[in-house]
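Chemist: According to TrEMBL, the record shows the following:
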ACT_SITE  513  active site
ACT_SITE  561  active site
ACT_SITE  570  active site
DOMAIN    109-583  domain 'Glycoside hydrolase family 9'
REGION    1-26  region 'Disordered'
TRANSMEM  71-93  transmembrane segment
């Protein structure tokens with residue numbers, strides 16, 4: 001018989017043995033000692049000891065899952081440690097002083113740009129917007145357009161801009177100012193945006209174009225009259241004839257009659273106003289309704305300019321004493337170019353590039369003022385504007401001959417601006433004498449600085465490093481350097497260390513020839529002659545007309561900060577428009593390029609679209 005040894009081995013029991021009980025007992029005792037001499041495993045011990053104390057659980061029951069106790073302990077510990085570290089870091093961040101990284105300060109050109117635009121806020125006529133930001137200005141001349149006797153409204157002519165230090169609204173230089181501002185926005189909208197002034201300059205332009213649309217029947221296709229001026233400056237009647245020049249009053253206090261001047265043959269004015277509306281239509285191209293309204297008004301003015309020839313300042317007009325026009329042919333080239341860009345109608349391009357028109361405008365005969373852009377002479381601006389077309393679109397026949405001539409002449413004009421040539425003299429301080437030593441030089445200088453910078457940017461955009469002046473090659477950097485030296489002179493780098501932009505720097509004119517800025521806003525209404533004491537005062541103006549560029553120094557770098565001498569201290573909107581254009585062109589990073597395409601947004605493709613390729617040949 002065999003049985004299982006409870007200690008792990010077999011046990012044989014022989015029942016036939018005659019061993020005595022003592023022998024069996026002895027044998028068992030010997031076996032027990034032998035078995036116990038070996039180590040027992042857990043199972044064997046449990047047999048001997050029976051059920052013992054229950055072992056400690058190795059898992060933690062979390063309800064939905066069970067996890068290892070060790071993992072659970074480590075996880076909870078890590079969470080507490082991470083929370084402690086995070087709290088410590090937050091405590092350090094809260095208690096350590098912060099050092100904010102400020103953006104780099106704006107360059108001088110950007111600072112001056114922001115101030116120069118403010119001048120237009122100070123020149124606004126009519127009911128001012130709440131955000132005008134010129135504390136000493138208020139609503140003024142709200143009766144403009146009413147007849148002198150009956151009070152009936154002939155036209156609503158409230159609005160627009162006062163020309164200079166008086167309250168006359170001369171539409172010829174005002175239209176040029178709006179065209180220049182629009183041109184600068186079309187080319188440099190990214191720079192305006194970077195300076196935070198894009199909306200501001202567009203609001204300034206719209207204030208002007210809204211007013212121009214009131215000066216004629218802008219809803220008609222044909223007109224026969226156009227308002228050329230509001231107010232008068234004729235002083236021949238002496239101080240007994242109150243008007244905008246014989247009186248020294250705040251615009252808000254004006255109570256004398258303001259005559260309205262209309263013209264029926266004023267091609268120069270109508271073409272310039274057409275240029276202003278056409279260029280503005282590109283600025284506001286995203287506002288389709290307003291842009292279309294501007295284009296229609298421009299087309300109406302253009303037809304009037306072409307059909308009824310004449311100069312707005314002829315026939316003894318009051319404007320001839322202040323803004324006498326020399327011809328209208330240059331406005332035809334200038335206005336035609338802007339009409340083409342605004343509409344894409346090639347008839348405008350054909351006219352503005354016609355050799356006969358260019359000849360009448362003086363494109364082939366030069367003269368002492370050749371290459372000088374101003375409110376009167378637009379030829380240089382038109383040549384640069386049309387050279388742009390040749391550089392980027394190259395329309396070819398039948399325009400190429402005249403465009404090539406304009407391109408060559410633009411290059412010659414740019415050469416004349418450089419200090420290596422003697423076309424224009426310079427003062428000892430370096431200011432170019434584009435008006436040959438006559439008074440009020442700065443308005444011409446800023447226009448040239450704008451054109452030089454713009455043309456250099458055109459060449460850069462066309463991957464052209466420079467141009468030739470005779471046998472010598474000059475880089476675009478030379479043009480930019482010319483512009484910078486001239487604008488730097490105006491901003492204070494001159495022998496007198498005088499900034500000719502009011503409010504820029506620490507040393508600028510304090511006796512600006514400006515009625516509104518020179519009379520305190522003290523709830524006292526000074527009559528026509530009552531303001532003379534402020535005109536003749538030796539004290540600085542009570543109001544600082546921020547951003548106003550005064551007329552400028554003489555040909556010897558001399559300057560007299562005297563309120564009664566307008567040849568030194570009077571600002572104008574035409575001059576400030578050129579200043580704004582030059583400043584935005586020079587401002588910011590040079591890596592910010594011109595906008596090559598916006599001006600061509602209405603221009604159709606120069607060449608027909610090629611036909612699609614033929615379908616694949618099949619046998």
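Quick reminder: no glycine exception, Cβ is built from N, Cα and C everywhere.
Where in this structure would I find these features, and how exposed are they?
Modeler: On its own chain, residue 561 (active site) has 509, 510, 511, 568, 569 as residues at least 6 apart in sequence with a Cβ closer than 8 Å to its own Cβ.
Note: residue 570 (active site) has non-local neighbours 164, 165, 440, 512, 513, 514, 550, 551, i.e. same-chain residues 6+ apart with C-beta under 8 A of its own C-beta.
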Chemist: Give the number of CB atoms, excluding that of residue 513 (active site) itself, located within 10 Å of its CB.
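Modeler: The answer is 25 other Cβ atoms.
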